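Colleague: To start, I am sharing the structure in question, which I have written as structure tokens.
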Amino acid sequence: MSFFALGVNHQTASVELREQIAFNAERLSNLLAEQRHHESLKDLVVVSTCNRTEVYAMAEDAESLLKWLADANNIDVKQLIHHVYRYENAQAITHLMRVASGLDSLMLGEPQILGQVKSALALSKEAQTVSPELNSVFEYAFYAAKRVRSETAVGSHAVSMGYAVAQLALQVFSKPEKLTVMVVAAGEMNSLVAKHLAEMGVAKMIICNRSRERADQLAQEIAHQVEVEIIDFSDLAENLYRADVVSSCTGSLHQVIAYADVKTALKKRRYQQMLMVDLAVPRDIDPKVESLDGVYLYGVDDLQSVIDENLAQRRQAAVEAEVMVNQLATQLITHQKVKEAGSTIHAYRQHSEEISQRELTHALEALHHGGNPEQVLQQFAHRLTQKLIHPTSMLLREAAKAESPDYFEWLQQHLQDVFDHERKPKR
């Protein structure tokens, strides 16, 4: 039984193929619940995100995982075979650690993937498809991810617009829990801004959007994290003073936040500072507002230069993180080998004791029937020696016949070292 990782990601498969083999939690839970009754493949975890679908399992071969993935999604194996990657044992462990650490992500170092892998493990545990051995691999991968994030800078620099705005707000205002944020337009970019700031723990989110339906949708997505208020687009100017942070991305051909509106808002705020972020092209905010005392204005180019610099820093940190992951993977593999050796040694010792007990019983019976004690003991020693060294002798003969001279030489030298050690006089 080996540990396998098999799947597709944004590098190996198109979004159309990834959509075909994606799982939602409910469907995956039902599939796993059925799978635990199959002896051939009942020990598995499935990680499914927008950028990857991967199966991690203890199995006899990778082909069974590939077939399961295809069958579960009602597609032909031939559609997958040229797009999947597969890793076994050491490589699979290293891959899992890289995934959990964000080193294999589309956005290098992104933190969400660790939570997604943890959720995948929890779902499999609930379905009872996780053995202690598989669980220990995942727990060590989480430990590796924690080390990578705490000891390297791979995840410490903003590399998306939404995250960059949130980090900027944290730099300008030291206490996010007191902030009121206004997002002007609720499109994809500002939705990410709103979600990042909500996760950061701001006090209130004001959504100003032309379409009430889209504003309601965004409000529902973040309402569990932050107090939300929706205002009409026509009420934008008169509500500006309420916002500590304003992020605008309307797609309008004309500016929607005028210099005079910001000046009035500052006066109403008693000149408390404002962070204004203009993510639109053409620009939404009159660039002259930057001249107002207390206003910090950032545009797309400002943020992009920060993101480019941060991404370069992440890539540099990723080199250090890769070294750490390889070291931790080696540690886990060594630990597993030692554990396996312990089991083998225990079985070998038990086997030897059984042989000894049988030979002892045979010798005692010979003595009971009047056998010469000296002859019985000599026969006992000879028979015991022959049976104990037989497996090692056979192993050495087979190694000599094999096409790997290095293994034979290693085994021969190792046995010689054992003999030399035993011959040393005891003090």
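The backbone N, Cα and C atoms fix where each Cβ goes, glycine too.
Below are the features I grabbed from Swiss-Prot:
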{"type": "BINDING", "residues": "Thr49, Cys50, Asn51, Arg52, Ser105, Glu110, Pro111, Gln112, Gln116", "note": "substrate binding site"}
{"type": "ACT_SITE", "residues": "Cys50", "note": "active site, nucleophile"}
{"type": "SITE", "residues": "His95", "note": "site 'Important for activity'"}
{"type": "BINDING", "residues": "Ala185, Ala186, Gly187, Glu188, Met189, Asn190", "note": "NADP(+) binding site"}
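Can you tell me where each of these features sits in the structure?
Modeller: Sequence-distant contacts of Asn51 (substrate binding site), defined by Cβ-Cβ distance under 8 angstroms and a gap of at least six in the same chain, are Asn9, His10, Arg18, Ser105, Leu106. Under the three-state DSSP scheme, Asn51 (substrate binding site) falls in the coil class.
Look at His95 (site 'Important for activity'): DSSP puts it in a helix. Using a 10 Å Cβ-Cβ cutoff, His95 (site 'Important for activity') registers 23 neighbours.
The Cβ of Met189 (NADP(+) binding site) has Met161, Gly162, Cys249, Leu279 as same-chain neighbours under 8 Å, each 6 or more residues away in sequence.
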Colleague: I want to verify one value. Collapsing DSSP to three states, which class is Asn190 (NADP(+) binding site)?
Modeller: helix
Colleague: Which are the residues of the chain, Thr49, Cys50, Asn51, Arg52, Ser105, Glu110, Pro111, Gln112, Gln116 excluded, whose CB is within 8 A of where the CB atoms of the substrate site average out, their centroid?
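Modeller: Here the nearby residues are Gly102, Leu106, Met107, Ile113.
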Colleague: If you measure from the Cα of Cys50 (active site, nucleophile), which of the binding-site residues Pro111, Gln116, Ala185, Glu188, Asn190 is the nearest?
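Modeller: Answer for the nearest of the binding-site residues: Gln116.
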Colleague: With the cut-off set at 10 Å between Cβ atoms, which of these binding-site residues ends up with the most neighbours? Options: Thr49, Ser105, Gln116, Asn190.
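Modeller: Answer returned by the neighbour count: Asn190.
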Colleague: Fill in the CA-CA distance, Pro111 (substrate binding site) to His95 (site 'Important for activity'), as an integer in Å.
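Modeller: Cα of Pro111 (substrate binding site) to Cα of His95 (site 'Important for activity') measures 16 Å after rounding.
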